[in-house]
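S.K.: Supplied in structure tokens, the structure appears directly below.
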Amino acid sequence: MRGLLRASSLLLCGVILIQLLAAQIHAQSKKPKSPWPTLTGDPPLVIARGGFSGLFPDSSYDAYNFAILTSVPDAVLWCDVQLTKDALGICFPDLTMRNSSSIEAVYPTRQKSYPVNGVPTSGWFTIDFSLKDLKDVNLIRGILSRSEKFDGNSNPIMTVQSVSTQMKPSFFWLNVQHDAFYAQHNLSMSSFLVAASKTVLIDFISSPEVNFFKKIAGRFGRNGPSLVFRFLGQDEFEPTTNRTYGSILSNLTFVKTFASGILVPKSYILPLDDQQYLLPHTSLVQDAHKAGLEVFVSGFANDIDIAHDYSFDPVSEYLSFVDNGNFSVDGVLSDFPITASASLDCFSHVGRNATKQVDFLVITKDGASGDYPGCTDLAYKKAIKDGADVIDCSVQLSSDGTPFCLSSIDLGNSTTVSLTAFRNRSTTVPELGSLGAIYTFSLTWAEIQTLTPAISNPYRVTSLFRNPKQKNAGKLFSLSDFLSLAKNSTSLSGVLISVENAAYLREEQGLDVVKAVLDTLTQTGYSNSTATKVMIQSTNSSVLVDFKKQSQYETVYKVEENIRDILDSAIEDIKKFADAVVIQKLSVFPVAQSFITTQTNVVEKLQKSQLPVYVELFQNEFLSQPYDFFADATVEINSYITGAGINGTITEFPFTAARYKRNLCLGRKETIPYMAPAQPGALLTLVSPTAFPPAEAPNPVFTDADVTEPPLPPVTAKAPTSSPGTPSTNAQAPSGQTRITLSLLLSVFAMVLASLLLL
């Protein structure tokens with residue numbers, strides 16, 4: 001009987017266990033699959049290298065504090081641990097202290113030389129100073145291309161313990177770069193870390209030295225920090241095994257014996273060719289995950305020249321590592337954690353057809369001219385593909401009156417005309433502000449079509465070049481071609497046609513650009529009621545008045561000057577002939593020494609008068625943005641859209657602006673810190689007033705006198721022209737002085753010289 005009861009009990013227990021197991025399996029099957037193909041399925045970590053070191057001195061209080069304020073809640077603070085003479089740990093980016101501190105000014109005679117990994121190195125080493133010695137030493141920028149304005153602040157060196165207690169980070173990462181060096185000088189990094197772990201919560205420890213991990217193995221217990229092996233350049237030698245990092249990479253199972261993760265440069269995963277374009281990704285992430293290793297990536301910063309494939313957009317770079325359809329790394333080490341945070345939380349796993357969270361017009365400037373030569377077929381097609389709402393055409397006229405799209409009336413700004421036989425068409429036209437140029441009205445349309453387009457490089461002097469492989473790609477577009485392309489697009493809401501120099505062309509060249517535009521609109525099937533909205537833009541009120549008289553197209557008045565205010569009477573004048581206004585970025589957020597000083601009320605006043613406001617010019621290059629936008633075009637767009645409330649952006653990089661519309665973070669009830677618009681003047685409060693020169697004169701106020709213009713003059717009779725290919729008299733403005741004779745002599749000389757060289 002007792003055995004029967006026991007059997008029944010066992011059977012009952014078995015049934016219960018089966019039911020519990022089935023319930024667990026059912027629950028697991030219903031659990032949603034993580035969108036993150038990381039090792040754990042958790043979102044990648046944002047690791048702030050030295051805090052917000054892209055702006056503030058690395059490892060300073062301000063850098064760490066700002067990183068916490070602007071990043072995801074679980075952001076990791078990174079500390080490069082160095083040991084002082086008295087074996088205390090400080091957060092400092094390098095062994096030597098000259099580049100990132102005021103050590104040389106405080107102790108000018110205490111420079112020494114030591115071998116570091118076998119290389120003789122001179123400098124002010126942390127091992128020669130006690131913590132007390134360093135109390136008067138301040139942290140400064142370590143990268144000279146970054147702002148020096150924060151160097152004048154009091155930025156004392158922080159210890160590992162002070163970062164932990166003052167910052168209270170969600171996660172704390174200690175990087176040990178030179179354990180072997182400290183050991184040579186009788187300082188034990190492992191002993192310091194073990195002692196520190198009793199009062200400091202350490203979540204990650206990394207090092208590029210294999211022997212270091214052998215020293216600390218088992219010293220932190222089962223719940224100790226994650227250990228991460230840091231890879232340096234593949235051809236560099238790991239100092240304790242005398243093997244290259246590339247050879248260690250081929251044996252990840254070996255790495256797994258002492259570490260739970262690896263930290264690698266970006267190039268280990270997405271290598272670049274010699275022209276800085278992406279090559280196919282490696283299998284490192286998948287291989288490491290198979291070996292049970294997390295993969296963290298270093299080298300992210302907004303103010304460096306990244307792969308051309310990203311179009312100077314740091315968000316695109318982050319997404320290529322975490323949201324590419326193949327893999328995701330487990331964390332990114334960044335100098336600008338705000339961008340890493342927004343990339344992961346706001347823009348990851350967002351398709352191109354995702355719901356728009358905000359509505360504004362994305363208007364191009366010469367198409368996607370940041371990626372291809374402006375006003376070419378390729379620039380316009382990419383703009384449409386990238387999600388532009390409105391594509392634009394800056395209309396120019398050839399000598400035979402054909403309207404076409406080009407950024408400037410000066411062919412030399414957008415083509416390689418100066419390298420062709422047409423260089424003898426150069427003229428000087430004071431009315432157009434030139435000392436000598438080859439103008440569109442100096443060549444026929446047939447001649448212009450033979451020219452090679454040239455991409456714009458506004459930051460050439462700093463060696464920031466746009467898409468060099470495609471710098472001369474595409475073909476120039478007539479206005480007719482442009483309108484036909486737009487009409488056949490299902491995604492565009494409109495076109496913007498810019499008209500300038502109309503008075504000069506009528507008076508001096510006998511060309512009527514207003515008539516040419518209106519005729520082409522009619523010929524290409526556009527009418528006043530067409531589904532594709534037509535906007536006519538000009539800086540001249542007289543041009544827009546003329547268009548208003550002859551059509552019902554929407555007119556847009558462009559204010560070229562940077563202004564601090566606009567009179568109500570001027571707005572009333574504008575409303576008589578314009579339906580919208582374009583203003584410059586600095587007319588919204590004035591800037592001094594690359595810092596935003598305030599916000600004007602120009603946008604608010606125009607919108608109160610029912611005039612939509614479009615703002616130009618948005619570019620992705622970090623040099624185009626004040627420091628308040630953290631070298632991130634998305635932060636800039638966010639500040640103008642949600643902060644200033646503008647109605648549209650005029651941009652050379654429409655993809656970045658169009659992607660912003662689908663920003664998931666904009667759909668949330670509360671504004672998250674990494675999607676908060678810049679507060680005008682806030683960053684300036686962190687800068688010492690002595691760091692600035694005397695204030696410059698403020699921008700002017702826009703008045704009625706700036707709006708009022710006489711009517712457009714009538715078209716004058718055009719002088720007879722010479723045959724194509726010869727020095728053309730029609731290229732010479734009556735008030736200009738030609739340079740044809742000199743150009744012709746130079747051309748002949750060049751041909752004679754070339755003939756002699758061929759002999």
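All residue numbers here begin at 1 and follow the chain in the order shown.
Each Cβ is built from the backbone N, Cα and C atoms, and glycine gets one as well.
Okay, so Swiss-Prot annotates it like this:
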- 44-344: domain 'GP-PDE 1' (DOMAIN)
- 360-661: domain 'GP-PDE 2' (DOMAIN)
- Asn99: N-linked glycosylation site (CARBOHYD)
- Asn186: N-linked glycosylation site (CARBOHYD)
- Asn242: N-linked glycosylation site (CARBOHYD)
- Asn251: N-linked glycosylation site (CARBOHYD)
- Asn326: N-linked glycosylation site (CARBOHYD)
- Asn353: N-linked glycosylation site (CARBOHYD)
- Asn413: N-linked glycosylation site (CARBOHYD)
- Asn424: N-linked glycosylation site (CARBOHYD)
- Asn488: N-linked glycosylation site (CARBOHYD)
- Asn528: N-linked glycosylation site (CARBOHYD)
- Asn540: N-linked glycosylation site (CARBOHYD)
- Asn647: N-linked glycosylation site (CARBOHYD)
- 1-27: signal peptide (SIGNAL)
- 28-738: topological domain 'Extracellular' (TOPO_DOM)
- 739-759: transmembrane segment (TRANSMEM)
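Map these features onto the structure and tell me what's around them.
M.R.: Secondary structure from DSSP puts Asn99 (N-linked glycosylation site) in coil. Cβ-based neighbour count (10 Å, all protein chains) for Asn99 (N-linked glycosylation site) stands at 17.
Its Cβ taken as reference, Asn186 (N-linked glycosylation site) is surrounded by 8 other Cβ atoms within 10 Å in the chains shown.
Sequence-distant neighbours of Asn242 (N-linked glycosylation site): no residue of the same chain at least 6 apart has a C-beta under 8 Å from its C-beta. According to its DSSP assignment, Asn242 (N-linked glycosylation site) is coil.
For Asn251 (N-linked glycosylation site), the count of additional Cβ atoms within 10 Å of its Cβ stands at 12 [all protein chains shown]. In the three-state DSSP scheme, Asn251 (N-linked glycosylation site) is classed as coil.
Sequence-distant neighbours of Asn326 (N-linked glycosylation site) (same chain, 6+ apart, CB under 8 A from its CB) are Pro37, His281, Gln286. Following the DSSP three-state reduction, the secondary structure of Asn326 (N-linked glycosylation site) is coil.
Secondary structure at Asn353 (N-linked glycosylation site), taken from DSSP and collapsed to helix, strand or coil, is coil. For Asn353 (N-linked glycosylation site), other Cβ atoms within 10 Å of its Cβ number 7.
Within 10 Å of the C-beta of Asn413 (N-linked glycosylation site) we count 15 further C-beta atoms, all protein chains included.
Within 10 Å of the Cβ of Asn424 (N-linked glycosylation site) there are 24 other Cβ atoms, across all protein chains.
Around the Cβ of Asn488 (N-linked glycosylation site), the number of neighbouring Cβ atoms within 10 Å comes to 10. In this structure, Asn488 (N-linked glycosylation site) belongs to neither helix nor strand by DSSP; it is coil.
Sequence-distant neighbours of Asn540 (N-linked glycosylation site): residues of the same chain at least 6 apart with a C-beta under 8 Å from its C-beta are Glu500, Ala502, Ala503, Glu709.
If you draw a 10 Å sphere around the CB of Asn647 (N-linked glycosylation site), it holds 19 other CB atoms from the protein chains shown.
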S.K.: What's the CA-CA gap between Asn353 (N-linked glycosylation site) and Asn186 (N-linked glycosylation site) in angstrom, rounded?
M.R.: 61
S.K.: To the nearest Å, how far is the Cα of Asn99 (N-linked glycosylation site) from the Cα of Asn251 (N-linked glycosylation site)?
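M.R.: Rounded to a whole number, the Cα-Cα distance is 36 Å.
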S.K.: Just the number: how many Å between the Cα atoms of Asn413 (N-linked glycosylation site) and Asn424 (N-linked glycosylation site)?
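M.R.: Asn413 (N-linked glycosylation site) and Asn424 (N-linked glycosylation site) have their Cα atoms 16 Å apart.
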S.K.: Hey, how far is Asn647 (N-linked glycosylation site) from Asn488 (N-linked glycosylation site), Cα to Cα, in Å?
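M.R.: That comes out at 25 Å between the alpha carbons.
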S.K.: Give me the Cα-Cα distance between Asn186 (N-linked glycosylation site) and Asn424 (N-linked glycosylation site), rounded to a whole Å.
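M.R.: That comes out at 75 Å between the alpha carbons.
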S.K.: In whole Å, note down how far the CA of Asn251 (N-linked glycosylation site) lies from the CA of Asn424 (N-linked glycosylation site).
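M.R.: Counting only the Cα atoms, the answer is 65 Å.
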